[in-house]
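As recorded in Swiss-Prot:
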type	residues	note
TRANSMEM	22-42	transmembrane segment
TRANSMEM	50-70	transmembrane segment
TRANSMEM	76-96	transmembrane segment
TRANSMEM	121-141	transmembrane segment
TRANSMEM	149-169	transmembrane segment
Amino acid sequence: MKQFLDFLPLVVFFAFYKLYDIYAATSALIVATAIVLIYSWVRYRKIEKMALITFVLVAVFGGLTLFFHNDEFIKWKVTVIYALFAGALLMSQWVMKKPLIQRMLGKELALPQQIWSKLNLAWALFFIVCGLANIYIAFWLPQNIWVNFKVFGLTALTLIFTLLSGVYIYRHLPQEDKS
């Protein structure tokens with residue numbers, strides 16, 4: 001159910017874009033993201049940091065898009081989110097000396113420190129590449145291509161990278177954890 005809720009604003013954004021335009025889609029995205037946040041609080045009595053950060057960025061960049069009637073703001077949101085994710089991953093590893101991925105998954109998985117570091121850097125690089133790809137597609141290609149890339153391309157890339165990360169983790173698990 002939670003995974004469905006995470007993707008609901010994206011589905012709403014896409015549907016409103018196809019039915020109306022980028023501004024209706026942006027309005028719908030803001031509302032849908034707020035509803036998901038409220039639902040999460042009511043249902044689970046918890047709001048994840050990433051969900052809250054995403055909502056704030058959706059509200060700010062979406063609000064600027066609507067206020068100035070300029071779709072460039074909502075296009076930048078994707079890159080800003082990915083830059084923040086990459087920055088958090090890199091800072092956790094280089095400044096805090098413990099990769100964020102390890103902080104998130106370390107209780108469930110026993111992996112060598114080197115593997116955690118490589119996985120953390122791989123995700124940071126993934127977010128940087130996706131952010132740069134978003135800039136190129138958002139500002140050099142037609143809007144409808146950017147919307148499709150945002151909805152389907154980035155979702156597919158994230159799913160594929162998650163699966164590849166799972167394979168990488170599995171290869172480095174101690175034998176007793178693989179069963």
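Going from the start of the chain as shown, residues are counted 1 onward.
Just so you know, glycine gets a Cβ as well, placed from its N, Cα and C.
Across the candidate stretches 22-42, 76-96, 121-141, 149-169, the maximum count of CB pairs under 8 A to the transmembrane segment (50-70) is reached by 22-42.
Counting Cβ pairs under 8 Å to the transmembrane segment (121-141), the top-ranked stretch among 22-42, 76-96, 149-169 is 76-96. Using a Cβ-Cβ cut-off under 8 Å and counting only residues 6 or more beyond its ends in the same chain, the transmembrane segment (76-96) has close neighbours at 53-54, 57-58, 61-62, 103, 117, 120-121, 123-125, 127-128, 130-132, 134-135, 138, 150, 154.
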